[in-house]
Amino acid sequence: MKAGSGDQGSPPCFLRFPRPVRVVSGAEAELKCVVLGEPPPTVVWEKGGQQLAASERLSFPADGAEHGLLLSGALPTDAGVYVCRARNAAGEAYAAAAVTVLEPPPPEPELQPAERPLPPPPPPGAGEGAPVFLTGPRSQWVLRGAEVVLTCQVGGLPEPTLYWEKDGMALDEVWDSSHFALEPGRAEGGPGASLALRILVARLPDSGVYVCHARNAHGHAQAGALLQVHQPPESPPEDPEEAPAPVVEPLKCAPKTFWVNEGKHAKFRCYVMGKPEPEIEWHWEGRPLLPDRRRLMYRDRDGGFVLKVLYCQAKDRGLYVCAARNSAGQTLSAVQLHVKEPRLRFTRPLQDVEGREHGIAVLECKVPNARIPTAWFREDQRLLPCHKYEQIEEGTVRRLIIHRLKADDDGVYLCEMRSRVRTVANVTVKGPILKRLPRKLDVLEGENAVLLVETQEAGVEGHWSRDGEELPATCQSSSGHMHALVLPGVTREDAGEVTFSVGNSRTTTLLRVKCVKHSPPGPPVLAEMFKGHKNTVLLTWKPPEPAPETPFIYRLERQEVGSEDWIQCFSIEKAGAVEVPGDCVPSEGDYRFRVCTVSEHGRSPHVVFHGSAHLVPTARLVAGLEDVQVYDGEDAVFSLDLSTIIQGTWFLNGEELKSNEPEGQVAPGALRYRVEQKGLQHRLILQAVRHQDSGALVGFSCPGVQDSAALTIQESPVHILSPQDKVSLTFTTPERVVLTCELSRADFPATWYKDGQKVEESESLVLKVDGRKHRLILPEAEVRDSGEFECRTEGVSAFFDVTVRDPPVHIVDPQEHVFVHAITSECVMLTCEVDREDAPVRWYKDGQEVEQSDLMMLESEGPHHRLVLPAAQPSDGGEFQCVAGEERAYFTVTITDVSSWIVYPSGKVYVAAVRLERVVLTCELCRPWAEVRWTKDGEEVVESPALLLQKEDTVRRLVLPAVQLEDSGEYLCEIDDESASFTVTVTGAGATHSVWPLGSPWC
């Protein structure tokens, strides 16, 4: 919201943001979002700060509040961040999403005709390789008591080792050996192996995911299959007069009680242990329960059996029983479910409906009052009015029409009133797909992901894909009406949008892979330090207990006593004894040591060795001193590099130079010098040497190193007449800059440098020579031209320190402190105008510089600069400054979390008036742009000469210029769910008066 604006309506607000998209090059990419506002906002799409225009490959479909960007034939250059910008008279909003364009996979080599072949194993005599599945296990659906055989064949050299797992556990951890058999064999047609798993008599707990693993020295491969064991259909009793046996035994104790509000979920968990593993059945009111849209049955990661009843209704109340049985006996656990009904209820609830794919489905219910607002949901997703979801309100009737039905429209739909009062119904979509995929599936990294689809026709060929790419055949299985996709040991690369399609029908789920947090390894133990020979230390330790399951190394670090920094020495793979010599430290001192264990899952705590050791580095010469030849008046620099950090001593003509001071002098009035040490490098700088210093001998000495070099002074053939000293100059853009250096000899060459780099002549930098004068000219100086310029000739230089500044910038608007008041989720815009388009501007909040983000956007358009809070929150309030040069504009932003729209009146108002008297009903709001609705005795009023509706800033008035007897009644000023009440009583004659609530500011 811009300060002082009087715009009416509501700024744009995104109800659904566009999601990032990953597509293969050449495929279609689509971004979608839903944005509302009053008036309806104008929506444009941008990329790289430029507005996009429609073309043959790019279009912008819109359907009511839903807006999209459709990109056909995506290219790598189309990758990037796309911004959806929505704007109306009340404000602006933004949303962004990234489009990633992947390179298509390389074309597969030409293969022999076969159905989805796999790469063949290496033939005899060929090179070794990692395991490759020739045939993987196939998913199966069997009845209890049947024999099950799961087979896999794997190629690879050396021959891989095969083993089976059920639901991530070894078979001998799940079953007795009498329940299954493993039958090894040879792979057909080449080197490799096969392993069949035979389950002799299938039981209900045998249902699960079976994974065959194959390992050899070159790698690991795995393939999985789903086994579902079903209860055989019950046969009729042989004796028709025999009473049916009870489903479960009678309860021996009172069941637990569980209350849930209508429309909420109820979750029951039953944890059962036994051997053999027990079979679990859920019952409701004595009848077996089967999973459906609102009743989910599954086993959680802790091994518990879960029944989840979604969106509970009154008809769901009753006794729920978890019955567990095996050959050793039976046990029961029960709970009585009570559903608490709300006081406000739908007059007519929703009813289950069916529809054909590509057809329509109509859901209808009734609310108790026509003014009650409602919202539609599909499970937890809010449905907005559009061509797909047509929403109609006719009095108390609420109707949802779902057009162009598809398989994924099958599900649970809700109509919701205020206070989350709901009515629920199932929508069944009839078509080729009977049982669709879930909306989303969350799997931990390393777990198995299983997706199941049931089709109307048996034996049809379906296709599985992820993000548009077909999935390999080894993870797909079909049997009759059932189609399964099994992804064993998923990784983050397996995440994406998984689709099953048959003909023109398709169902999609979002597979999300969550990372597993691994614990870091434990620390080493028994760490000890032994001070051995001179200038060495011996460190020993033992491996951590227990040893880490993944590969790990040891990292040794040192710390000089008195310092806070730990520095890594080296890493080793095995524990034992390590000798640390003095050559491993940079300088002489007392050192402490510590060690830790490091693996791919992190680092263990450090273990510090007790005590410290005195170590002295042994230095050697890496780059020695060299003779130096300079001109009279120049600095002479002598330098050398050592192998370690150690202090040394400099000598000049045999006299030791003091190094405890940064600068020194050999004798009063004599040569000045400076000693520097940076890491391994030592430098001696003799300043402004003269002819009498020629022939001086410079030496350096430290333990193990001695070196020397000579100084030679050359006579310069030319001198600089002007300037004699360094010149500092300041200019303003775009002034002309002329730097002049005059030499003692005419036409003697000189070279210009800027910040140590030789300058090149161009249109913006001109070099001229006029006799003894050398000039550098900047025709139109810019800020980037600032720096140190040097005119260098034989042994002498002239220096110019040039500073180029922009002209001072001034803030045109605002000139005074601006105060902005807004409520939560409003768009707040702060605007600052300067007198120059290219002037840099910085924004600050509470003294801290503001950085661009989704919550705080910075915009510039010519001299206009804006700070935008798209959806302001109370924490966004504070003191803002727009800084341009030396000037500042100040803004104070206050964001209020509004809990009520109506400021006055706070209670009911009673007004007594005489016929023909003027009556004014006043309602004050918290925001000037808010719209209200006036009603009388429940009917909305219509403005006329006898009834006027006025609006002034935050005040709304209903005026009766000459009140009549029939104007008596109850008037309401309504906004959202709030209202202010006025009771007007009109009499024919007599004294009149008005009754106001206590503390009213009006009389």
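In case you wondered, yes, glycine gets a Cβ from its N, Cα and C as well.
Mean model confidence for the domain 'Ig-like' (12-100) is a pLDDT of 85. For 12-100 (among others), the entry in TrEMBL reads domain 'Ig-like'.
The compositional bias 'Pro residues' annotation in TrEMBL covers 103-125.
According to TrEMBL, the region 'Disordered' annotation covers 103-129.
What TrEMBL lists as domain 'Ig-like' is 131-228 (among others).
Residues or ranges marked as domain 'Ig-like' in TrEMBL: 246-333 (among others).
According to TrEMBL, the feature domain 'Ig-like' maps to 342-425 (among others).
Residues or ranges marked as domain 'Fibronectin type-III' in TrEMBL: 520-618.
The feature domain 'Ig-like' is assigned by TrEMBL to 717-803 (among others).
For the domain 'Ig-like' (807-892), DSSP puts the residue distribution at 3 helix, 46 strand, 37 coil. Annotated domain 'Ig-like' per TrEMBL: 807-892 (among others), in sequence order.
For 905-985 (among others), the entry in TrEMBL reads domain 'Ig-like'.
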**Prompt:** What is the number of residues in the domain 'Ig-like' (717-803) that are helix, strand and coil, as DSSP sees it?
**Reply:** 3 helix, 50 strand, 34 coil
**Prompt:** Given the domain 'Ig-like' (807-892), which of the listed stretches 12-100, 131-228, 520-618 has the most Cβ pairs that are under 8 Å apart from it?
**Reply:** 12-100
**Prompt:** What stretch in 12-100, 131-228, 342-425, 520-618, 905-985 has the biggest tally of Cβ pairs under 8 Å against the domain 'Ig-like' (246-333)?
**Reply:** 342-425
